[in-house]
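Data first, discussion second: the structure below is written as structure tokens.
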Amino acid sequence: MASSGGGNTGAGGTSGLGLGLGLSLGMGEATGDAEEEAAAAEAVGRLATSLWLRLRGWEAVLAAAQRLLVWEKPLHSLVTAATLNGLFWLLSSSSLRPFFLLSISLLTYFLLDLWHPRFLPDVSAPPPEEPHSDSEGAGSGAQPHLLSVPELCRYLAESWLTFQIHLQELLQYKRQNPAQFCARGCAACAVLAVLGHYVPGVMISYIVLLSILLWPLVVYHELIQRMYTRLEPLLMQLDYSMKAEADALHHKHDKRKRQGKSAPPAGDEPLAETESESEAELAGFSPVVDVKKTALALAITDSELSDEEASILESGGFSVSRATTPQLTDVSEDLDQQSLPSEPEEALNRELGEGEETELASPEDLLSAPPALSKQALDTEEEGAADKEALLQLSSPLHFVNTHFNGAGSPQDGVKCPPGAPVKTLSPEAVSGDLMAPSSTLSPQLCLAESGPVTPLSPSVLPSLPQDSPQPLAAPEEEEALTTEDFELLDQGELEQLNAELGLGPEMPPKPPDVLPPPPLGADSHSLVQSDQEAHAEVEP
């Protein structure tokens, strides 16, 4: 037991030692990285300070050069660029050698450095010990939007140190992998040799000079970002259209391939095309949607409402939304307006309602008969109720009177009406459906109802017009007369003559037994009938 416990203790101690060693190594690496960063920052600071001490006398010249390079004054920058281009092509077309030009340039630099204190005295302030921040360098005379001398020195120092680091890595790679380094070096030199064979060296030098002159302008005004912002929608649209065309071509190619595979042999009859039963074939008609492409396509579309949708939305006609179906809001109002009756209909209904209230009294008041009635009297009362219902149906403005075209409204059961009897049907103007017809064209009963209180009428006077009852067949002579003289308006004399010719003389209808005779019509009733006849005469053409 003790030995096993000692073994476990030893294993636990080993694992703890490994964990501690790993932590110490990690901490050591972090400490080493921090020390390297601190050393690099210190080296950048020392190099920037040394450069600033050398360039502090050229501060005004550097600021003017920056203004020319960023085209702060376009006219001055244009003149400078034209001068440099002319000088370059003049030197390139001369017979002087490049080494001679390089030696002349170095001689000019040394002479300027030697004669600088005499011709360009130092008028700048005494330098501080070390510019540690950008705010200290901002007050050195440069513009806020341009680089000051300390900032320029710091950028130059960082660039130089970065170049040194890459050079050290390249030398280390050469020592570790000499064969790969030789192969890559030979490939790079071959590319440069081919480029120099097809492109002259003067052109390459001119491209380098233009890059040096135009690069500050591009960086300062952010021309690349602006150009990319303007071209991004066009590029996305082009990419999306090319993707759609490629998908369409691929789909057509697959369809032709499937048709070629499913083509019948040479001797067989061609089969009719049927629906695809394979899920793979059906999937070809519904391509997979790329989320990124869809998002880019939606980004270039206009999310605002069109002019037509905006006008409809402002007028309140539709409730327009992008993700819903447009809903009508005026249809309900139109239906409500259609359901409301018009003013002529309301006036006519009001007049007819008042006439019905006056005319349609109780059967007891109309008949004024004793309480004990005979069987025939009860039948007469039932006929009066039927006549009242028929009158209610005829009083509706939308009711169609089928007896108007069935023989000029002849009475039923062979009962003949005398010429002087009141008309028992509505006039043609009232039946024609014209709601604007005057009330004088209605039947005499309706005119009596509108004129005020009337004397009670017996059921025999009320019209007996069943709605759907068939009319008796007329004689052959009567059918010929109706066929030849259909829809012809006649005056009272012609009507009496026609009735006499047809054998419809003035005969009184048979009176039922044990029934009181109807009261004679008064002067008011005859005058109303006469006025109705005069109205018919005025309507005649």
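Numbers here mean position along the shown chain, with the first residue as 1.
Glycine residues also receive a Cβ, built from the backbone N, Cα and C atoms like all the rest.
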(Q) If I look at Swiss-Prot, which residue among S15, S311, S342 would I find recorded as phosphoserine? (A) S342
Q) Can you tell which of T9, T329, T358 Swiss-Prot marks as phosphothreonine? A) T329
Q: Name the residue among S140, S262, S278, S531 that Swiss-Prot annotates as phosphoserine.
A: S278
Q | Which listed span Swiss-Prot calls motif 'LIR motif', if the choices are 41-46, 89-94, 197-202, 485-490 | A | 485-490
Q. What mean pLDDT score does the motif 'LIR motif' (485-490) have in the model?
A. 55
**Q.** Residue numbers, six or more beyond the limits of the transmembrane segment (87-107), whose CB comes under 8 Å of its CB atoms
**A.** 202, 205-206, 209
